[in-house]
Amino acid sequence: MFSALDISTSALVAQRIRITAIAGNIANISTTHNERGEPHPYQPRYVTFQADPAVGAFGAKGVRVSGVRVEDRPPRYKYEPGHPDAIQQGPMRGYVAYPNINLMTEFTDALEAARAYEANLGAIEITKDMTQQTLRILA
Amino acid sequence: MDAIRGINPGSLPMGSPQQVGSTQQTDFRDFLLRSIREVNSMQQEADRAVERLMLGEEVTPAEVLTAVQKADIAFKLMMQIRNKLIQAYQEIQNIRV
């Protein structure tokens with residue numbers, strides 16, 4: 001009876017996880033140390049989705065996060081000789097390796113996730129209205 | 001309530017009323033009690049979800065609100081059925097013998 005509500009909710013949860021990953025990418029746009037404290041630029045994370053394995057007669061019963069892709073991009077080098085993480089030797093001397101995260105694409109992704117969230121909220125609204133309208137048969 | 005038997009709620013035969021009461025006798029009282037129990041468990045689930053959200057556990061607000069909404073709709077449906085039953089009961093009461 002409530003399958004449509006559950007399907008839309010699974011999408012809300014999935015898009016929220018996607019937003020979380022994007023927030024992490026934006027937050028770490030100038031992070032030069034990784035999670036173990038080693039001098040390594042942050043690698044952006046991207047969430048991938050998959051259809052719920054339980055596929056009913058009317059299509060997928062929702063969406064799930066299938067995994068988080070850690071993108072191994074070459075760093076963005078910036079000349080900052082005074083930085084403690086600046087490269088000390090070689091031709092790249094004085095450069096600091098920054099994460100190669102593009103704010104533009106991150107924001108576009110975030111906007112897309114937000115719109116998808118809104119769309120699923122709309123679907124929930126319609127389902128809810130329909131159920132409540134149906135009660136009028138008895139009333 | 002025992003008199004109201006023969007309704008086959010599992011598979012409501014839309015448009016073919018001659019099937020009613022022919023197969024699979026389900027006690028209407030049992031069906032009603034089961035439904036009420038289900039509504040109750042939905043409300044308990046919603047309560048638990050709200051509690052977890054308030055305690056700051058790892059739950060998405062969307063899931064919690066959906067649980068609450070489901071419990072609300074289920075309760076409203078149950079109330080409508082209850083109203084209808086009471087109405088039918090009162091109409092039978094008003095029959096003159």
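Cβ atoms here come from the backbone N, Cα and C positions, even for glycine.
According to TrEMBL, the domain 'Flagellar basal body rod protein N-terminal' annotation covers A:5-32. Under 8 Å from some Cβ of the domain 'Flagellar basal body rod protein N-terminal' (A:5-32) lie the Cβ atoms of residues 39-42, 44-47, 49, 52, 60-65, 68, 83, 85, 96-99, 101, 103, 106-107, 109-110, 113-114, 116-117, 120-121, 123-124, 127-128, all in the same chain and six or more residues away from its ends.
Annotation source TrEMBL lists domain 'Flagellar basal-body/hook protein C-terminal' at A:93-137. Mean pLDDT for the domain 'Flagellar basal-body/hook protein C-terminal' (A:93-137) in the predicted structure: 93.
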Message: Six or more residues beyond either end and a Cβ under 8 Å away: which residues meet both conditions relative to the domain 'Flagellar basal-body/hook protein C-terminal' (A:93-137)?
response: 4-5, 8-9, 11-12, 15-16, 18-19, 22-23, 25-26, 28-32, 39-44, 73-81, 83, 85-87
Message: Just to be sure I understand, if DSSP states are collapsed into helix, strand and coil, how many residues of the domain 'Flagellar basal-body/hook protein C-terminal' (A:93-137) fall in each?
response: 35 helix, 4 strand, 6 coil
